[in-house]
Amino acid sequence: MRPSSDLIRLALPFVALGALLGGVFWLQPRAMSYTGLNLLFNLAVPIALATLAQMFIIAVNDLDLSMGAFVGFAACVTATFLNETPWLGGLILLASVAVYAALGVVIHLRRLPAIVVTLGMSFVWLGLAVMILPAPGGAAPGWLRTLMTVRPPGIPMALAASLLIALAAHLVVARSALGVVIRGVGGNERSVARAGWSVLHARAAAYALAGLFGVLSGMALVGLTTSADANIALRYTLLSIAGVILGGGEFVGGRVSAVGAVAGALTLALAGSFLSFLRLSPDWQIGAQGAILILVLALRLGLDAIEQRRARA
Amino acid sequence: MTVLRKPWAWAWIATIVVYAITIAATAGASAAGLAQAAFTFAAFGVIVGLGQMFVITLGPGNVDLSIPATMTLAGTLSLKLMNGADAMVLPGLTLALAIGTGVGLLNYGLIKVLRIPPIIATLALSFIVQSAAIWTNRGLRIKPPESLAAFSTGTLLGIPNLAIIAGLLTVVAWVLLERSIWGRRVTAIGQSLPAARRAGVAVDGVRLSAYVLCAMLAGLCGFLLACFSGGAALNMGAEYLLISIAVVVIGGSSVAGGNSNVPGIWGAALFLFLVVSMLNTYGFGAGPRMILTGIIIIAVILAASLRGRGTEGG
Amino acid sequence: MIPHMRDMSPLLSVSDARLRFGEVTALDGVSLALHPGECLGLVGHNGAGKSTLVNVLNGSLSPHAGRVIADGHAGRWDVTTARALGLRCVFQELSLCPNLTVAENARILHRGHFGPRWRAEARRLAREALDAVFPGHGIDVQAQVASLALAQRQMVEIALAFAEAGRPARLVILDEPTSSLDAGVAGQLLAHIRRFVAGGGTVVLISHILSEVLATATRIVVMKDGRVVADRPADSFTQAGLVAAMGSTARERRRPGRNGLSGPVTPLVVQEMARGLPVRVAAGEVVGLSGLAGHGQTEMLRALHDRLAPGWIAGRRPKVAYVAGDRRHDGILPLWSIRRNLTISALASLARRGLVDERAEAAIAEHWRARIGIRSPDLGLPILSLSGGNQQKVLFARALLAEAPLVLMDDPLRGVDVGTKQEIYDIIRAEAAAGRAFVWYSTEIEEMELCDRVYVFREGAAVAELTGDRISEAAILAASFAGPDTEAAA
């Protein structure tokens, strides 16, 4: 049996990640070590979490332009309230997840364009973050710091955590009934509604999950950097969208993959390190991320074209 | 009261109210100065906002995320080319516009060739353009030519030169949108791409030109901003991504496309600046200012949806 | 009356159902009873009221007059109560989520049936359902629906409709279920329908393949113009008898076809297609496209328009104009005035130095308003202020105003009142006489009799070409429905 197009699609992000990793190892064999890998994937965990958060929104055919600001907000709360008065910090983060769910409800009921609503929310999250932390500062709670810098035997923390996160998100998205309904809303909202499901609940749940993963991303970021800043994660908005698409996700139609999204995020995180090994200026780090995105999309188009030609034959 | 029915009226009313409140706090002392500052800073938002407006008019999913990167690259490279020489002003401007044209062509090329949504195409390209800007900008401390620096901060009859340029562009954009056949075609595509196609509109050509126009205006804005602030900074375009979309939305243009207006862009750009000044005057920090901006954007889109609901039944 | 009354009470019945959409009467007093253990074949040409009746039966539409009685109770009848009764529907448009696997779609469709280990249960349900209807189907229930071939998707949809999930299926409505299945698989489905019916189930089968209906249905209902015109046991029909029942009784042709074009003419344009006859159009000719709706006519028109209309730079003189049938999707520009909707196709000729000459625009709009009779006090009013028929006139005028030598019409007169239709027929004849060519897809057979030449479409290809006096309702009907003896007639 020849591999299906789904399989090729799913494999593409891993091929890109593998190729990039192979390139790094070839240029710098010393990177092929525990410490080397730890360095390469240093900031991969928060990026992966933010990408998964964005994935839940894209699964229901929406887009979140506030992801970066929200992660920054969660980071600021983590570095201040959660550190000083944990119960209050926890409450604030929980409330922010509830705000996300409420956004889903409003967007669904009023049929608002998610792009504009989240654009507005990005100002709100950024403003709140600036009020909490007017200047860079704060401190990571000790337990979080320990968690993020733990050195498990054999496999670097960043990779182990990414694997665990990917697995957890995969269980929610691909294995749970909720995940099926959320993707079903992205694929064919009408027929999901016709079968008696509440599309409103599904969308609210998708947004709540996005909020949850956004909060986790902010916490992980603070655990790694030990302090926070309102602008710390602004780039995550665009990175998270790119990560979902790199990971085999489609903008519309509910086609998303949690494992792919994490692979996409790792690829983006690696793109920067790859350049420095090539002795190319780190200035091109962002550019390399864009180029990889375009390359993968072009490859995907080519594969689809071949698939179609084969189907017609 | 026909003026009140216009979609852009609310942005202007809000602008006037905020202006009055701000002036009240200082007992009228800074009225002229505040107006001048508002018009100067609003000019940048207007220039990019006009371009973004044409793209958004093309319909759902059309938005240019590469504006900040284009601004930075155009500002950086044109300053480098001019190298402070007054004689090089025209080539510098030409380069900024050429960079915009190139980015616009590439944006639509990606949309068309890779068959991807415009958001993804402009996002991916913006990464590359941003990198090019960072690369060329490193260690750069080039000042703009004297004459340009003086021009960009100067005034004519009390009106900031930048506001005059933005004003002229606004008139051109208004004619394009409201009077030209190109504007008709853009608006038709935004209402329904298949319907415009079947009515004989050459949709690819029109969409391409809108993306090119948007990127050219971003290039021009980057050029002017670099001259105004005495040099090109790497993050100089960053805030204009959100501003360019926000002025279109607050100005009363429809995010769903097909229904845009030019005067609202000015109202919204002035409003965004004046809200900041008002809150400053009353001692609020950056945080509340941003929160208020966000709430206003959401309120505007919510109000638009309620209004739409009212007329839908007919 | 049904000649052989059954002892059992009906599972579902409608009595004297009437339904109007604006000007159009979709159901004009239909009574129908569905009994356990029967397969009802439902046949009729476009606009006969089949789909409307199906939508009344499944609870999506409620009739303006008449009653729906389910299981002997005349209570609320909507989609939810229909599902509770055990009614399942398979439509031509796919109702699966293409991004989910077959098993996941089973999960979505049968809400509330599954326990915590639903994945294994859903896989088993989907596999058993497929095995029951299509033994040896070879479909992987863990494959994404989007990766399946069209026929396989249709098989999944059908199998899931028959599946026993919690409550059994009691009434299954199948709308053209075999349209993309090959003969072998279609045979499996028909065999399953017979088994299902023998076990006490009820099926409503709609198909353009009459031999299928004759061989599978126990009773056949023929509809025409929103009424039931025949309702008899299937074995009392023949294929020719069915075609005759769908047609009207000896109606005079309203207009003679034009002469002089029957001989060989140099075509203005030829659209080759993957299968079947190429469609040829000569200047001054009105070419009709007929056949059942959804058999490739619209696709052919779109392909022709895509080929002739420029995508990058619009020339001053367009080569082709298009009148949309689905006016909400590809016709009207909803935010604009009537005038702007009219002139969008002719902007290039109204421009002076790139700007719209608004005086010339107003003049040409006014000219066409008078010529085509758009009933509105002011062309500056929004297009949505017009009635559907008048909106359709605007779209028609828009196409003529472009002054293109070729006009493509995608069933533009659906739901338009008779008076308007007459006016538009006259304009078409006049414009054709002046040398313009028309390609006219219509779901109404009478309109084909106004054409010089007609291509009948079936399954994505033009299968018959009729000219002059050979254009008749009988010939079109015969070519529209597939079967061994109609094949010979076409």
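FYI, residue positions are counted from 1 along the chain as it appears here.
Glycine is treated like the rest: Cβ placed from N, Cα and C.
Database features, via TrEMBL:
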TRANSMEM  A:7-27  transmembrane segment
TRANSMEM  A:39-58  transmembrane segment
TRANSMEM  A:65-82  transmembrane segment
TRANSMEM  A:88-107  transmembrane segment
TRANSMEM  A:114-135  transmembrane segment
TRANSMEM  A:155-173  transmembrane segment
TRANSMEM  A:204-226  transmembrane segment
TRANSMEM  A:232-252  transmembrane segment
TRANSMEM  A:259-278  transmembrane segment
TRANSMEM  A:284-303  transmembrane segment
Between the transmembrane segment (A:65-82) and the transmembrane segment (A:114-135), do 3 or more CB pairs sit under 8 angstroms, pairs being 6 or more residues apart? yes
Is the transmembrane segment (A:204-226) close to the transmembrane segment (A:88-107), in the sense of at least 3 CB pairs under 8 angstroms with a sequence gap of 6 or more? yes
Flag the pair the transmembrane segment (A:232-252) / the transmembrane segment (A:155-173) as in contact if three or more Cβ pairs fall under 8 Å (sequence separation 6 or more). no
Could you check if the transmembrane segment (A:259-278) is in contact with the transmembrane segment (A:65-82), meaning 3+ Cβ pairs under 8 Å among residue pairs at least 6 apart in sequence? no
Long-range environment of the transmembrane segment (A:155-173) - Cβ separation under 8 angstroms, sequence gap at least 6: 34, 37-38, 41-42, 44-45, 48-49, 52, 55-56, 59, 148-149, 179, 182-183, 209, 213, 220, 256-259, 261-263, 265-266
Of the listed stretches A:7-27, A:39-58, A:284-303, which one has the most C-beta pairs under 8 A with the transmembrane segment (A:204-226)? A:39-58
